[in-house]
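Below: one structure, written as structure tokens.
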Amino acid sequence: MIAHNLGYPRIGDNRELKKACEQYWSGAITQQKLQDVAKAIRTNNWLTQKDAGLDLIPCNDFSFYDQVLDMSFMLGLIPERFSSLLQKKDLTELDIYFAMARGYQKDGYDITAMEMTKWFDTNYHYIVPEFRKDQKFSPISEKAIREYTEAKVVIGKAAKPVLLGPVSYLLAGKEKEAGFNRIELIENLLPVYTKLLATLQQNGAEWIQLDEPFLVMDLTVQERKTYETTYTALRNLFPSLKFIVATYFECTGTNIDIAAKLPVDALHLDLVRCPSQLSDILTPAFISSNTMLSLGVVDGRNVWKNDFSTSSTFITKAIAALGKERVMIAPSCSLLHVPCDLDNEKNGNVLTPEIKNWMAFAKQKLHEVAALKKLNRAPMQSEELRLLKANTESIENRAKSKLIHKQHVKARVKAVQPSDSQRKSLFKSRQQIQEKALQLPLMPTTTIGSFPQTDEVRANRAKYKKGDITLAQYEDFVKTEMTKAIEWQEKIGIDVLVHGEFERNDMVEYFGEQLKGYVFSENGWVQSYGSRCVKPPIIYGDIERTEPMTVAWTTLAQSLTKKYMKGMLTGPVTILQWSFVRDDQPRRDTCMQIAFAIRDEVVDLEAAGIKIIQIDEPAIREGLPLRRENWETYLNWAVECFRISASGVKDETQIHTHMCYSEFNDIIKNIAAMDADVITIETSRSQMELLDAFVDFNYPNEIGPGVYDIHSPRIPTTDEMADLLNKAMHVLPVRNIWVNPDCGLKTRRWPETEAALINMVAAAQKIRKEITTVV
């Protein structure tokens, strides 16, 4: 048996990479210092995995920003708009790499960033490769080779280079012009992959992990064929190189026949998301082959301890069919998606000892993988018996704990009625009522909710949490920041204001801190994109709201302006998606509990005089099962949960929702079924591509297509945003259009925020002047 890992968090135990990248971008440190920080993280990661007892350890899983962008750079896939930067002698390879991710706006250049989207159904984002017809590939970076050479010095032959497989790389991208299918580029791409693999082999690599997560997706006949021909070609070119093809996040399903027949040395299956596929793969044909089977039995996407007894049943079954020599044990996917080390959680008042004992972070999961290998070697020694006993006690303690269950919460969910998810009137009637009540201008301007969380804001929050300042002092500071933000919004002419969310650390954690059934970590950070890290709250039990969460701050903000102040809430599906969720009941039940908690908050905001309430659901699409056949069930309960949260108010109260990073052309009917009065969406990076859905679907409610990309520091011009609004007007009735950024502005700095929003208001005013009739 071989114990191995698919990938490890690259942010560092204390977010060293985030801090170093941001310091480099601001000019505070040199590139050499940034590289030194990166090397220290890589070395620590490799030694941590070696010390845990793993036989094969991934390398090239580190990234300064994103592993898909790394692959693009290694393959020489640099969009034409960045080509001029290659001639700038003062820009290094890393500078151009960052420019592709973040845009470049200096020295007379004004280059937009590449598109970013969610990595399958996770909370991680990747930079989308851009393909053109007859795309040529030419290696620019030798990152994988450098990092393998570096790893070999630290961990020797255990080093296993990890690459995004060629077919998944193509499928992860987008065609940037018509007239071709990106999968056809495999003939141009394969020679560059071949060169990379050859160099790795020449440098001593024995195992290569090729991640092919698209093997769990619905594939066309052409895509299925491409998998077969690609891996046959690689096998013929590299008969002695050991390939492990890794699938994860879902069942291989109808693709299992392809996966099982690939001429590779090992196939990895995610048995956490899809335990049934172990039986599916153990057919006579697979058993009679020489392919090893990697069992993804340790959950790479959640924080709960592995149940050794359950995992051992899978391992025992595989050993019985294949023999120990053909079995590998691993996490279900890369550990990128979980925090680094549970040992960094030292405050028992934050993460209570009882609940902490139910959990495992990345480092602990490595030890679980190694322990499972030991436990399945017969006969068990005293060490193995001790490991099994401790694990069994922890699993049983969690199952029996009185902390988890609240019968009155369960009863409310069980008693849900259709009327709980229905507004009093249809949208057409509500729109007329709201227009009369609110008296907003045509194409009203607003922002999504948050304003920049400056160093001063973060420092004051940290001081309060450490006890260095009192609650009163902290609240005075927040009120001062909020007042400045409100006055500034009024000054530049924004129509519907927000309070800026200066009191909130994170749009999910803030609510989790005030809901029963949640627990938190101090250092449970995971990477969202680039240098952005999030610290997901942890749902361990039934969810209950025992008192108002946002009413005090929102009503205070409303008292500071005569304009409308939006109440700002996070929706139930997003709270679910962006948390580590209990795994002892269906996700639908947990989401329904959250929905009723948010509903109670919405009703209280309305009673306090708030006329416009936004319930953010940026994660609604990422919750979609990866297979279309499973979509309907999820969408039914997700939409129902949103409607429950929003349907307790009068017709006069305008409900907004927001979705960012969302490509939901294919679920537009379900988005309409949410029945929000106004939806704001991410569209600018894709140049309003999202609005294509409205050509075929007459979206009934109001909509704010984002007119500028907040994920880049680049400042859009007034004309650019006016052009995007003109595109929207060709698809949507003018009376239904709102003007807003793509997403919240928390991660931006004030100078770029101010400049961009001033231009945005000017764009709206320009379009209003040009409109002579209301469509």
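Using the three backbone atoms N, Cα and C, a Cβ is placed for every residue, glycine included.
The annotation active site, proton donor is assigned in Swiss-Prot to HIS711.
Counting every protein chain shown, 18 other Cβ atoms lie within 10 Å of the Cβ of CYS533 (5-methyltetrahydropteroyltri-L-glutamate binding site). Feature annotation from Swiss-Prot assigns 5-methyltetrahydropteroyltri-L-glutamate binding site to ARG15, GLU16, LEU17, LYS18, LYS118, ARG532, CYS533, TRP578, GLU622; the stated evidence is sequence analysis.
For ILE448, GLY449, SER450, GLU501, ASP616, the entry in Swiss-Prot reads L-homocysteine binding site, with the evidence type sequence analysis. In sequence order, VAL498, GLY500, GLU501, ARG504, MET507, GLY744, LEU745, LYS746 are the residues of the chain that are 6 or more apart from SER450 (L-homocysteine binding site) and have a CB within less than 8 Å of its CB.
Sequence annotations record features per position, and here Swiss-Prot assigns L-methionine binding site to ILE448, GLY449, SER450, GLU501, ASP616 based on sequence analysis.
Residues or ranges marked as Zn(2+) binding site by Swiss-Prot on the basis of sequence analysis: HIS658, CYS660, GLU682, CYS743. Contacts of CYS660 (Zn(2+) binding site) defined by a Cβ separation under 8 A and a same-chain sequence distance of 6+ are given as ILE448, PRO618, ILE681, GLU682, GLY706, ASP742, CYS743, GLY744, in order along the sequence. Look at CYS660 (Zn(2+) binding site): DSSP puts it in coil.
Take the Cα of CYS533 (5-methyltetrahydropteroyltri-L-glutamate binding site) and measure to each of the recorded positions GLY449, ASP616, HIS658, HIS711: the nearest one is HIS711.
Within 10 Å of the Cα of HIS658 (Zn(2+) binding site), the following binding-site residues from the list LEU17, LYS118, ASP616, GLU622 place their own Cα: ASP616. When the alpha carbons of LYS118 (5-methyltetrahydropteroyltri-L-glutamate binding site) and HIS711 (active site, proton donor) are compared, the span between them is 13 angstrom.
Counting every protein chain shown, the number of other Cβ atoms lying within 10 Å of the Cβ of HIS711 (active site, proton donor) is 24.
Here the CA atom of ARG15 (5-methyltetrahydropteroyltri-L-glutamate binding site) lies 26 Å from the CA atom of GLY449 (L-homocysteine binding site). Under the DSSP three-state reduction, LEU17 (5-methyltetrahydropteroyltri-L-glutamate binding site) is assigned to helix. Pairwise Cα distances among ARG15, GLU16, LEU17, LYS18, LYS118, ARG532, CYS533, TRP578, GLU622, which the record gives as the binders of 5-methyltetrahydropteroyltri-L-glutamate, peak at 28 Å. Considering only the binding-site residues ASP616, GLU622, the Cβ with the fewest other Cβ atoms within 10 Å is that of GLU622. Other residues of the same chain near the L-homocysteine site, with their Cβ within 8 Å of the Cβ centroid of ILE448, GLY449, SER450, GLU501, ASP616, are THR447, VAL498, MET507, MET568, GLN614, HIS658, GLY744, LEU745, LYS746. In this entry, L-methionine is bound by ILE448, GLY449, SER450, GLU501, ASP616, whose most widely separated C-alpha atoms sit 13 angstrom apart.
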